[in-house]
Amino acid sequence: MTTPHDAFIAGLPKAELHLHIEGSLEPGQMFAFARRNRVDIPFADVEAVRAAYDFSNLQDFLDIYYAGAEVLRTEEDFRDLTTAYFDRAAADNVRHAEIFFDPQTHTDRGIPFGVVVEGLLAGMAEAEARHGVTARLILCFLRHLDEAAAFATLAEAEPWYHRIAAVGLDSSEVGHPPAKFARVFQAASVHGLKRVAHAGEEGPPDYVREALDLLHIDRLDHGNRALEDKTLVTRLARQAMTLTVCPLSNHKLCVVDDLARHPIRAMLDHGLRATINSDDPAYFGGYVNDNFRAVAPLLDRAQLVTLARNSFLGSFLDDAAVTRHLEAIDAYAAGAA
Ligand code: HPA
Ligand SMILES: [Zn+2]
C-alpha cells in the first residue's frame, strides 16, 4: 500500500529504540545460518517459515522466535545478523539504533555470553563504519525466567558494562510483573546502566505503574495499555516518558485489532512522547519505515516530524548529538516538497 507520506517518511532522519536483534532474523538468513552451522530447522523452505508467522498473541510469537534463534551459534552469526539489520535500517534513514538482545536465549543453549556480545559489537562497529549509523546495546532479561537467572546474567555481563547502555525486560508479560525484577534493576543501576522495560503490551496498566515505581525506567517499551488509565497517562505525559510503540507488532500480536484504529494518534494527542519502531521486523512484516507507513494515514506531516524528533529525544545519546539530529530533522522538514 502506498500513502501520500511515503516519500516524506523515507527521507526523514530517525532513531530506532525498540528492536530485538534476534527478531531481525529473516527466513532466508535462518536457512543460511542453519546450513553453515549444520542445525536442523523444522521448516521445508522460506514460504513454510512465513506461513508459520500467523500469531494470535505474544506467546504464539515467542515460541517461534525462540525456536528461530537456535540457528545463531557463532560470533560471526551475531555479527552478520547485526550488519544485515543495519543495512536495512540505514536504507530507511535510521541514523541511530538502540538494539535489544536476549543473552539468556543463547547462554541457556551453551553459547558463551562473550560470543553473543562480541559478535553484536563487531556488527555495530561495522555498521557505523559503513553507514555512519550509531548504535547502543540493551541487555534484556527474559521475564518468564526467575530473578536468580537474571542476576546471573547481569554478573556475566560485567566485563562489558561499559559497552552496554541499559538493561531491559521482555518475553511473556502476563504473570511476570516488573516487581519480580526490582532488585536486579536496582543492581544494574548501581553499575551505571539505564533501565527500560516492556510493559502494557498485554499486561495491565498496573504493570506500567510498577515499571515506573519499582524499576525506575528511563523508557517504556510498548505501553499501549497505559491508555486505559487516565491518571497514568497524565503522569507519563508530565514525566515526558518515551514510549517505544510498534504498530505492525501490535497488529500481528492482536494488541490492536485494526491498524486504522491504532492508538498512536491518541498517544500524541495526550501529549505522550511516542516513537515508532519495528520490534521484530522479520516476524511482523516490516522495518521502521513500514511501521511509519502503517500508521501514516492517521497522521499529518507535523506529527510524523514529532515522532522522529521523539525518537532522538528519547534516545540515550548525549545532548549535543540529540541537538544535531533534531536540527537535521528540522532542516529536512523545512526543505521537503
Ligand atoms: O514484543 C515483544 N514483547 C515481549 N517480548 C519480546 N521479545 C521479542 N519481542 C517481544
Ligand atoms: Zn519488543
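Note that Cβ sites are derived from N, Cα and C of the backbone, with glycine treated the same way.
As annotated by TrEMBL, domain 'Adenosine deaminase' applies to 13-331. Annotation comment: TrEMBL describes HIS18, HIS20, HIS198, ASP279 as Zn(2+) binding site. The annotation active site, proton donor is assigned in TrEMBL to GLU201. What TrEMBL records for HIS222 is site 'Important for catalytic activity'. Annotation comment: TrEMBL describes ASP280 as substrate binding site.
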Entries of HIS222, ASP279, ASP280 (recorded positions) sitting next to ligand 2, with Cβ under 6 Å as the cut-off: ASP279
HIS18, HIS20, HIS198, ASP279 excluded, remaining Cβ within 8 Å of their centroid (Zn(2+)): LEU19, GLY23, PHE100, ASP170, ASP221, HIS222, THR244, CYS246, SER249, ASN277, ASP280
Nearest recorded site to HIS20 (Zn(2+) binding site) by CA-CA distance, among recorded positions GLU201, HIS222, ASP280: ASP280
Model confidence over the domain 'Adenosine deaminase' (13-331), averaged pLDDT: 98
Integer Cα-Cα distance in angstrom, ASP280 (substrate binding site) to HIS18 (Zn(2+) binding site): 9
Between HIS198 (Zn(2+) binding site) and HIS222 (site 'Important for catalytic activity'), the C-alpha gap once rounded to whole angstrom: 6
Nearest of the recorded positions (HIS18, HIS222, ASP279) to GLU201 (active site, proton donor) - Cα to Cα: HIS222
GLU201 (active site, proton donor): tally of other CB atoms within 10 A of its CB: 22
Fewest Cβ neighbours within 10 Å, where candidates are the binding-site residues HIS18, HIS20: HIS20
Integer Cα-Cα distance in angstrom, ASP279 (Zn(2+) binding site) to HIS222 (site 'Important for catalytic activity'): 9
Listed binding-site residues (ASP279, ASP280), ranked by Cβ neighbours within 10 Å, top entry: ASP279
DSSP state at HIS20 (Zn(2+) binding site), helix/strand/coil: strand
Cβ neighbour count within 10 Å of HIS222 (site 'Important for catalytic activity'): 27
